[in-house]
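Q: My questions all concern the structure below.
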Amino acid sequence: MKLLHIDSGIQGERSASRALSAAVVDRLRSDRLDLAVVRRDLVADPIDHLLPGDLAGGEADGIASEFLDADIVVIGTGLYNFTIPTQLKAWVDRILIPGRTFLYGEAGPEGLAGGKRVIVTLARGGIYSPGSPAAPLEHAETYLRGVLAFIGITDPEFVIAEGLALGEDARAAAVSAAMQRANDVAGAVAA
Ligand SMILES: Cc1cc2nc3c(=O)[nH]c(=O)nc-3n(C[C@H](O)[C@H](O)[C@H](O)COP(=O)(O)O)c2cc1C
């Protein structure tokens, strides 16, 4: 069984999304000894912005193949300026490929990348839960759910730690609760 572990948080040792994605992968590794993990750190090893010459073949093929080959994909991301980090957007640009991960037919778009489990660990400084005043500004979870559904992954799991900028106590409580959820989600996916 293959797992692709992606991180895009830029805050190094203090990155909550990295700590959470690592916790998910650690739990999956301990439950599934047959797991082969491929690592893609989009900050240590960034992907270039998409340019006109990249639209067919080249680097995109390798990145898309790596994604398509994975049975489980774990994505760590922060909410940066109300959306995903630019590093992660560059990766999305390499996996949304007509004919490989989606196609348009007479019935509209069809996703071709279904059948894999995707777990997203998302860290946010503020509060964006449904019903909160800032909820309409949340374009990371909503964007990733949309992108994943478009390519056929309609049941991603989200592990969210939010309110991390609201003081150290709030941060510690939110990260602790998210760590518990990370463990539960990974345990359920591994079962
Ligand atoms: C460049 C940058 C932009 C940010 N923009 C937002 C934002 O728009 N809304 C928010 O609630 N928090 C914002 N934050 C706070 C992050 O969401 C928070 O630090 C979170 O922990 C990021 O994930 P990470 O710890 O994995 O980097 C921002 C942080 C950085 C570094």
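Keep in mind that glycine also has a Cβ here, set from the backbone N, Cα and C atoms.
Unlike curated entries, TrEMBL annotations are predicted automatically.
Annotations for this protein, taken from TrEMBL, read as follows:
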- 1-183: domain 'Flavodoxin-like fold' (DOMAIN)
- S15, A16, S17: FMN binding site (BINDING)
Q: Could you tell me the mean pLDDT the prediction assigns to the domain 'Flavodoxin-like fold' (1-183)?
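A: Reported value for the domain 'Flavodoxin-like fold' (1-183) is a mean pLDDT of 95.
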Q: Around the FMN site recorded as S15, A16, S17, what other same-chain residues have a C-beta within 8 angstroms of the site's C-beta center?
A: G9, Q11, R14, R18, A19, L20, S21, G76, G78, T121, A123, A161
Q: Sort out for me which one of S15, S17 has the most neighbouring CB atoms within 10 A, since those are the binding-site residues we care about.
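A: Ranked by Cβ atoms within 10 Å, first place goes to S17.
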Q: Going by DSSP, give the three-state secondary structure for A16 (FMN binding site).
A: helix
